[in-house]
Amino acid sequence: MAVALKTIGSFCNTQQQCLHSTRDRILYGYSHSNTKECKSKNAKRPAPLCVKATSTKVELDFSDPSWKQKFQEDWDERFNLPRITDIYDDLKPRPTTFSLKKKRTPRSDEDSTPMDMWNGYVNNDDRALLKVIKYSSPTSAGAECIDPDCSWVEQWVHRAGPRKEIYYEPEEVKAAIVTCGGLCPGLNDVIRQVVFTLETYGVKNIVGIPFGYRGFFEKGLKEMPLSRDLVENINLAGGSFLGVSRGGAKTSEIVDSIQARRIDMLFVLGGNGTHAGANAIHDECRKRKLKVSVVAVPKTIDNDIPLMDKTFGFDTAVEEAQRAINSAYIEARSAYHGIGLVKLMGRSSGFIAMHASLSSGQVDICLIPEVPFTLDGEYGVLQHLEHLLENKGFCVVCVAEAAGQELLQKSGATDASGNVILSDIGVHMQQKIKMHFKGIGVHADVKYIDPTYMVRACRANASDAILCTVLGQNAVHAAFAGFSGITSCICNTHYVYLPITEVITSPKRVNPNSRMWHRCLTSTGQPDFH
């Protein structure tokens, strides 16, 4: 019985040229390389708290003593991982070929522990807790409650890692890797680790699909044979060794290509849209009863995929964004009445802007899409800029690209992935600030910095490189364990597997009631602009 939970109320707030030359020779036969949180006076009172759990078949009543049991039954069903054995009942596992225990003859005084006694495997019944904070009240900062009393309910998810038994013969496997969407730091790190781990299992036939899903159907794009020797140093460069693109053909056409190529494992690196595509491919493969494991690895600098702590590329993007903020700070402080304005990526969430503002410690105003603001008026951003110039002499503003879209004219256009093309809040604010200070006869020197593509085209930093390494390895472990339609991620500091269906419901957004946003407000000292 699937129970869909619905909440109503306010408590649940929610060496690069060489590498690319090698790639081009393989793909095309030639190389391109030489050619303080304040309440508004008019703030609305929160709606009365009303919490319900509903379904087309059942409605949960939190006064029912058995509601926790019903919730956990639904949770276990939703987070049960799809496996190829769901459609192949008679498929039998075999002992794994993955082991890090070196084969050598032990000395007479050594314990000759058998290979199968090596305690390096994860049991299929191992679980990790998704949440660990027990909130005493819905009014606690950042509270994520299921019922009005904030009852403690354990939410377990599957632990990631190698299993003792596998469902593929490694020497017969053909594995493919594809990178989709926009660029992101760490793509090459994941590709590298997927190849390394596949070879550790004994897989010899590994290919890369060029330029995203497009590589499955675009004429002239050939799959790229991959090996440890070929990918050994690709992590030293940014971008994607395989290339990326947005959009793609119909799911049926992609699965036709997978079937024709005799691919057994598909590793998909991408964000929200790419995950939705991977899930559609998984569903179509099941419909055709194909023994294909589709495993995703979450990639987005926006960090907007729900349930997981973070996606790879985010830490590096924040670090690079901090460099832009530091430049804006130097420019603003060095000018008379200088205003440094930095626009950062964040299509639907303000995680980069918030974390970069926190890490830099130089931002006076941080604007994100989750928190509405006004530019004009007594409580507007422009009025606070006047205050900062008068008292401090300069200031730095950081704005997420999706912030303040309600203040701009919408174009209605979409990109190849179907994402709405946002209006440019950075340019709009630059012009408004200049016009405002000119209008009141006060000199203001606005320095506008837009590092949009710079923060995603660089090599992964140490933190992201570690994350990419583990996610890539775990993706391969998942495929050999027979899982499909799942993503390899990190939740509550532990590496786990989640069904793709649970991470594509809606983008993760900054919770304005969270402690992290409160910390950001404490750092900037900004008032409420709404």
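Residue numbers in this text run from 1 along the chain shown.
Using the three backbone atoms N, Cα and C, a Cβ is placed for every residue, glycine included.
Unlike curated entries, TrEMBL annotations are predicted automatically.
Taking a C-beta cut-off of under 8 Å and a sequence gap of six or more, ASP302 (active site, proton acceptor) has these contacts in its own chain: GLY271, THR311, PHE314, MET345, GLY346, ARG347, SER348, SER349, PHE351, ILE352, PRO507. The active site, proton acceptor annotation in TrEMBL covers ASP302.
Feature annotation from TrEMBL assigns ATP binding site to GLY182, ARG246, GLY247, GLY271, ASN272, GLY273, THR274. Around THR274 (ATP binding site), the same-chain residues at least 6 positions away in sequence with a Cβ under 8 Å from its Cβ are CYS180, GLY181, GLY212, VAL268, ALA296, LYS299.
The feature Mg(2+) binding site is assigned by TrEMBL to ASN272. Here ASN272 (ATP binding site) comes close to THR300, ASP304, ILE305, ILE504, PRO507: these same-chain residues lie at least six apart in sequence, with C-beta atoms under 8 angstroms from its C-beta.
Annotated site 'Important for substrate specificity' per TrEMBL: GLY273, in sequence order.
Note on the binding-site residues GLY182, GLY247, GLY271, GLY273: the fewest other CB atoms within 10 A surround the CB of GLY247. Just so you know, the Cβ of ARG246 (ATP binding site) picks up 19 other Cβ atoms within 10 Å once every protein chain is counted. Site extent for ATP: among the recorded binding residues GLY182, ARG246, GLY247, GLY271, ASN272, GLY273, THR274, the largest C-alpha separation is 12 Å.
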